[in-house]
Amino acid sequence: MTKPDAVLSQTSGVSATFTSVAPVSENGYISEEQVRQNIPTKKQFVDSHRQGVIIEGGVGYRQTVVIRSYEVGPDKTTTIESILNFFQETALNHVWMSGLLSNGFGATHGMMRNNLIWVVSRMHVQVDRYPIWGEIIEIDTWVGASGKNGMRRDWLIRSQATGVVFARATSTWVMMNKKTRRLSKMPEEVMAEISPWFIEKQAIKEDNPEKILKLDCKATYVNSDSKPKRSDLDMNQHVNNVKYVGWMLETIPDSFLESHLLSSIILEYRRECGSSDIVQSLSEPDDEGIILQEGIECDSHINFLNGLSLASEILEGSGLLGSFSKAPLRFTHLLQIDGRDSRKEEIARGRTTWKKKFSSMPFSPS
């Protein structure tokens, strides 16, 4: 694939050819918002402002991003919330470049005519490595069909310098009526708009998606003090789904977070969360026995290290059991409305998978 920066350098000024200001409204007036946004009315192939290009034979999208200081945590690596924000931003920019974007939050012209908005129903993210501060990454995204009334969107994040894949994700989106706040079937005119962009390609293959069980009030970790802030609301007037992840992770003990990295998260969204809702977050660790630092499971009789089977007593005698951890590898999560009555409506379920952090020097010098 041609690097986005090379494409942009070779096509200086070309983007202006594909950009046109939103058409004049019926009353002959162009609003200040339309002028400031300059939403394209036809397909763009290069966006020099966002460092974006169209790929995958004209239907996919790639954006180049430099990791900024406020997108990393104390360890100078990108936070999972920042990665999810990258996914959201590139998805919106993909629709922007398609020429289908109306003045809604990622909504097409047909969706706006039918008072429809997008809502995510499921997301699965896998992270192999986290980008570091100042690193340049490339984010690819594309869409495909998901049943009769849904759309699948996938992403891939890689290092521009090495080409190594950092993270991948897949998600399912459905439509909601903006006025009634109920899920809606996809109108034919909307399907006609977006189906030419569908491709058969998956970042994560999920033949049999794992079902996440619902936690009860006996969960090990519970936080009932979460309340949405005004800054948590998006343009669709509900809490942004990225905030849900933060609420889930806040229940996990700091001691665990200091020694483990999030390697996978699955989210199942049940209902939207409003500004007046009080949110209760529950987490339950899955105790699956001894786990290798690399995240390879083993039992109490046979241990596997680098593909070799070793007896437990040999490992104990050599002290290699220090490389094992009895900490839980996975957590199950639940977000629900903390209402006064006994019935608490679910907001989202989650499943996180973790791996031990490696030190820079795994073995002490002799």
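These residue numbers are counts, starting from 1, taken along the chain as shown.
Keep in mind that glycine also has a Cβ here, set from the backbone N, Cα and C atoms.
Record features (TrEMBL):
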{"type": "DOMAIN", "residues": "60-194", "note": "domain 'Acyl-ACP thioesterase N-terminal hotdog'"}
{"type": "DOMAIN", "residues": "223-299", "note": "domain 'Acyl-ACP thioesterase-like C-terminal'"}
Give the residue counts of the domain 'Acyl-ACP thioesterase N-terminal hotdog' (60-194) per reduced DSSP state, in the order helix, strand, coil.
34 helix, 61 strand, 40 coil
Sort the residues of the domain 'Acyl-ACP thioesterase-like C-terminal' (223-299) into helix, strand and coil with DSSP and give the three counts.
18 helix, 27 strand, 32 coil
Across the domain 'Acyl-ACP thioesterase-like C-terminal' (223-299), what does the pLDDT come to on average, as a whole number?
82
